[in-house]
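Please read through the structure below; I'll follow up with questions.
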Amino acid sequence: MSETTSSNEENKLLNGRRAIPPNYCNDEENEVPEMEAFGLIPRGFNPRDYLRVVDIYMFKEPHEINKQEHHTDKYYNPKLIVRRGQAFQIQIDFNRPYKPESDQFWLEFLMGRYPQQNKGTYIPILVGNVLKPGQWGAKIIHRENNSIRLSIMSSVTCIIGKFRLYVAVLTPFGILRTRRNSATDTYILFNPWCQLDAVYLDDEKEREEYVLNDVGIVFHGNVEDVKSRSWSYGQFEENVLDACLFLMDKAELELSGRGNPVKICRVASAVINSRDDNGVIAGSWTNTYDYGVAPSAWTGSVDILLEYYSSKQPVRYGQCWVFAGVFNTFLRCLGIPARLITNYSSAHDNNANLRMDFFLDDEGKVDTKLTKDSVWNYHCWNEAWMTRPDLPVGFGGWQVVDGTPQETSDGMYRCGPASVQAIKHGHVCFQFDAPFVYAEVNSDIFYTRMEKNGTQVVENIDTTRIGQLIVTKKVGSDEMMDITEEYKFREGSDEERLALETAVMYGVKKQSIQDTTYQPQTDVDMDFQAQKAVLGNDFKVTITFRNKSRNSYTATTYFSGNIVFYTGVTKSEFKKQSFNAKLEPSSSSSFDVVIKSSEYMNDLLEQASFHFFVTARINETGRILAVQKAIMLEIPTLRIKTKGELVAGKETSVVVEFTNPLKQTLENVVLRLEGPGLLRTIKKQFGRIPMNSTLTWEIKFTPMRPGLRKLIASLNSDALRHVYGELNVQIQKP
């Protein structure tokens, strides 16, 4: 009876569909017998009479050959970490000298609960005389007394993750195995240094940046006012590698699929956000961050990944650069070259039709009820480097992957990998999600007026604003690198038109201008400029008309100032003004509008971002001019300085200072400070900072490693966010 019950339970687990349950947990283990008998064992058999393994030495210290040659010496992890498709060494000590003519042993690498050879989760390796590039094998390179040293080659398509190692010895009556020993566990990662690996990158400087650099730059702000801040990726910090492997378990990616960077990126783009799978980060764009951390307060990925790894619950809260920062850590940690991208004026359009509609009412003011599309001041995503054997030749290289939940793809919130090359040439038929990314960088903005009878009149089309600047950090420096040309041809060129026609042919919807009534305004231009605006101060904006005709005109002008989220969504209108402008023939005239700090300070959102709409109706002709502009206020920064000399292993201190520039007291102030390889994140709460007063915070710490490092700090409070500071420090050798 009990046998039937247990088999019933197992059948429930298998649903009658599978011979063994799905294998998607790297950490689970099976029992491996130390003695696997071939039949009945004779009474006199003593395992000690045969070759026996006494010890296995893995050469796993950071200064030893394996971690040095495999570029894994920076990982704070005591176990062996190697990259696939490249030889590594281990030493086996036996109880007596090894005799090749009579002794036979082999190695076994196992992963997961149900290891199978055809799935790549059980790998037996016999010792041979020659190692073939990119294939599993082992050969003896040194013999001395009872010890042998082996060189082991892993397959170039090997699964990424943590393997258990056993040494098996053949005896006449059965197989003797070493006991389970977690000290010999071996992590195998992607190998951008190996020509046969799908993630091979041929430039050493780029490998140092896109795989080994543990600090990066996030570009934010807007296209007229690019701002930057540092982000600590921390892919080598303690437990981060295990946390990244856990993400693949969480995404239920079969172990056998984990050698494929395309699959890994696809599932990771879903598990980085918490929508529909309880993934790593819960997004919030509301400006209220109860029971969590404001997105602007994070200084890096490590805290987020480790909190998720221990709690298994989504970490609150993130916005696009947080999703992208954590995704970048995940990719670099596993050995996939990756970089963080910022697209300025990014179209968030719900149906990939390359058209963003801004509706105007009779007077030319924007109708917020009808306008559903939004232009993000900027949007961050990632690029990961890999071959695309699933696409035609030529579409490998950088692939867009995006962990920010925007639209569903195959039923889940995820995006990519989409080939950048395919997006540039309009080949959006190639998986995954290329039409969505194409629309993010190529849409046009239509200003459409609704007539009383329901007809739509297009007053203006802006073809250049969306995706006009796409940037990433330069290799080897903190400068900005403009990569717009990698995503699109020059505006107005023949190639651009051809790419657009290709995209439309492959199903991107584009309404032709013939479908709508549109006559562009030619004889009057309107432009809009803003003075440099500092948080808490008044500033001035100037509207300029240029009348190119020989007629006199009057223009009824509406000016609307809005406080917006960086996603372009309006929170509130804080300034409304209208005036009549007299436009003389063949001349320019300018009009100033003063913005007072008292008008905007109460409603200000954390990125201190404004959006101005100016519309003007030429009374004589009835034509409407429209222009919009986003403006960022200058936010004060934190000052960081070190005291005393900076030597590895010696205590020193760092001071963070901040002066409150606002005409109000800052409440609930929290400071964070971190530096990968220097100190783990430290948080401190300060109750309040009165206006014009200075806060000083001194922290003692002991830097562990010599070299150039970076300290990153952030300040967060109820009235003021997005306050950062950073400092490059050179740590001397002791």
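Each Cβ is built from the backbone N, Cα and C atoms, and glycine gets one as well.
Remember, TrEMBL labels are computer predictions, not curated facts.
If you look up TrEMBL, you'll see 1-24 marked as region 'Disordered'. What TrEMBL lists as domain 'Transglutaminase-like' is 312-405. Per TrEMBL, active site is recorded for Cys320, His379, Asp402. The Ca(2+) binding site annotation in TrEMBL covers Asn442, Asp444, Glu491, Glu496.
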How do the residues of the domain 'Transglutaminase-like' (312-405) split into helix, strand and coil according to DSSP?
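Secondary-structure breakdown of the domain 'Transglutaminase-like' (312-405): 15 helix, 41 strand, 38 coil.
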For the recorded Ca(2+) site, whose residues are Asn442, Asp444, Glu491, Glu496, find every other residue on that chain with a C-beta no more than 8 angstroms from the centre of their C-beta atoms, and list them by sequence position.
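For the Ca(2+) site, the extra neighbours are Thr463, Thr464, Ile466, Gly467, Lys488, Gly492, Leu500.
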Cα of Glu491 (Ca(2+) binding site) to Cα of His379 (active site): how many Å, rounded?
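If we compare the Cα positions of Glu491 (Ca(2+) binding site) and His379 (active site), the gap is 20 Å.
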Here's one to test understanding: among the recorded positions His379, Asp402, Asp444, Glu496, whose C-alpha is closest in space to the C-alpha of Cys320 (active site)?
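Looking at Cα distances from Cys320 (active site), the smallest one goes to His379.
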Using a Cβ-Cβ cut-off under 8 angstroms and a sequence gap of six or more, which residues of the chain neighbour Glu496 (Ca(2+) binding site)?
Lys488, Phe489, Arg490
To the nearest whole angstrom, state the Cα distance for the pair Asn442 (Ca(2+) binding site) and Asp402 (active site).
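Between the alpha carbons of Asn442 (Ca(2+) binding site) and Asp402 (active site) there are 17 Å.
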Rounded to a whole number, how many Å is the Cα of His379 (active site) away from the Cα of Asp444 (Ca(2+) binding site)?
17
Could you measure between Asp402 (active site) and Asp444 (Ca(2+) binding site) for me? Cα positions, answer in whole angstrom.
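Asp402 (active site) and Asp444 (Ca(2+) binding site) have their Cα atoms 22 Å apart.
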In the structure shown, with every protein chain counted, which of the recorded positions Asp402, Asp444, Glu491 has the densest set of Cβ atoms within 10 angstroms of its Cβ?
Asp402
